[in-house]
Structure formats: structure tokens, C-alpha cells
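In what follows, a single structure is set out as C-alpha cells and then discussed.
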């Protein structure tokens, strides 16, 4: 199994530059001369030589030192995997229809991609989940914390405050109905201040900053073990506007996807990636498809596509290893992400939407 460069005891600066240049594993650099590595990565020849020496030495001993590095060769039986699936947690969305088609909510230990045009509700879902992941276990939550990586500047703390207050009020109503001591005690710590204190926000302005933050996450998570959700809101923007080299972009995206899968598995957390839609011309027809190409479509375990039909928002479960394709309506209210009002035209449909053939919808909302 190839060992990733992020697991070597290199300086953070060199580590980030290696990743940004497209070097992912030890095998990628071991055949490169110091002068070539220096030129391609943008480091001094001395740093390049030291890097190669460290990689060679560590490759011989093959003892990963990085927190969160996976242990090669660990095996599971099919029964253990089945039990793991049954015991994994879910982060509820407060839209029961969406939770149902996902099998219970956003699953832990998996990567979920949410695609859609601007204004359809991707960031709203991310902010909702950053609050919902903190719901106490006695209320059906996972009692975790959230990391929010923002590449587009769409995060609105005032909106998070509104969502958090609505969630607190909802749980108080439930506790009032049950009148259970456990519920009352759990709510003592579920305050607005605590909710905001456990959303860790990072603003990344380009792909270098994004890659740096992603590859430093294992160290951060080792010091914040309660994190159960990592969000990258706007995966496409840094790579669509800052990179002209398509082969380099593909390598960087593949490395980022593998890192997020590793984080989800090793730290038993959920990963949310939001992606924009782009126009594809097919047989003289303009179609909306997820950005970053077809190869990126295999990166996430689950793919949701949000879209408009007239003035109604819909979510289509387009890809899932365990659930069938389904489409449901939803709405975004002042209180947050919620079920749509039930009408004859907005009842749940299953397997009815092929998003690859969907023509451009109006980009409404904000």
C-alpha cells in the first residue's frame, strides 16, 4: 500500500507545496532528483534534498507517525462491516423526507456531495448540519462538533444563530413533552454559546489554502476528537478559477478526495462537499451537470442534486450504495431546512429524474 506524503515528518510548508505540486505518495518523489524536485515544488535544493532523505529513511522503517494515519493491512470480516453499518450514526437535517431517502440522515463514515445552482440551498443545508451535529444523543443526535471550510465566503453567522435558536426551541418542546430528567440535563449544555463555540470555521481563498487546511485536518482532529462533521462549502471554485493545468487539477482533486475518505473512515465522521453546476452542450442542447467532470463524480459515496422546478426546491438522491434513487421536495424557512408543504404536485417521486438530461432551471433564491 502506498504511503501518503502527509504521514511523513516534513515541515508543514514543504508538505503543502508537495501536495500543491501534485505529489501525493512516497513513490511520487523517490524517483525525482533533488534539483528537479526543487524546481517543480518551489523549494530550495537543500530542502529538496532533506525531503528526499526523510522520505527514503521513513519508507525503510515504514512507521507512520502522523496522527490519523491509517494502519495498512487491517482486515474486517463481512459481519463486522455489517455491524458497523447498523451502528453508524446519522446527522438529521430537520427535513424528514430527505432523512428518509438517505436512510436516516447524513451518514457518518461517508462522504456526501451536494450539487446545485446558486441559491438552491446548499449552504443552508451545511449551516443546518453544523448545528444539528451537536444535538445530544438522547434526542437522537450524535453530540458532535463541526468543521466548516468555506471557499466562497457564503457562511453567515447571523443565519447560524437563527438556526441554532430554532433548534434549541425545538428540543425544549420535545423535552417538555417527555419531562425526562436526561433530556432536561442534556439541554443545560445545549446553548447558543456552546453551539457557536463548537463550529470551527476556516476561510480558504484559493486551492493552495484549501489543500493546506485539508491536509492539516488530521492533526486538528486529533486535538478535537468530538468533531463528527467536516464541511467543504464550495469544492469547485478554487480549482475552476485558479488552475489551467487540467492534469494537475485532476491529481489534486483525486488526492483531496482520498484524504476526505480517509478522514471519514479513520475519525468516524461525516464529510459534506458542495459543488456547483456547469453547462454542458449536448446535441445543441444546454444541460446542467455537476462541475469538475465525470471522474470527480466517483469521488463521493453519496451524491445529492438540488434543483428547482418552477418555484419549488427539490432534492434528488442521485447516487447511493444502499438507497434507491428518489426525489423529494423541501423548503427553507426562517427556522431552517424543512419539509415542503404537501401538495398534489410536490409529493415524493422515486427514480423519476435523470439529472444528466435536465435542462437549465431558473437560478432563483439567494
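Each Cβ is built from the backbone N, Cα and C atoms, and glycine gets one as well.
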Which range is it, out of 309-337, 338-366, that shows up in Swiss-Prot as region 'Disordered'?
338-366
Correct range for region 'Interaction with RAD51B, RAD51D and XRCC3' (source Swiss-Prot, candidates 70-127, 128-185):
70-127
Rounded Cα-Cα span from residue 11 (phosphoserine) to residue 120 (ATP binding site), Å:
41
Determine the minimum-neighbour residue: among 11, 123, listed as recorded positions, which Cβ has the fewest other Cβ atoms within 10 angstroms?
11
Secondary structure composition of the region 'Required for Holliday junction resolution activity' (1-117) [DSSP: H/G/I, E/B, coil]:
59 helix, 11 strand, 47 coil
Hey, how far is residue 122 (ATP binding site) from residue 11 (phosphoserine), Cα to Cα, in Å?
35
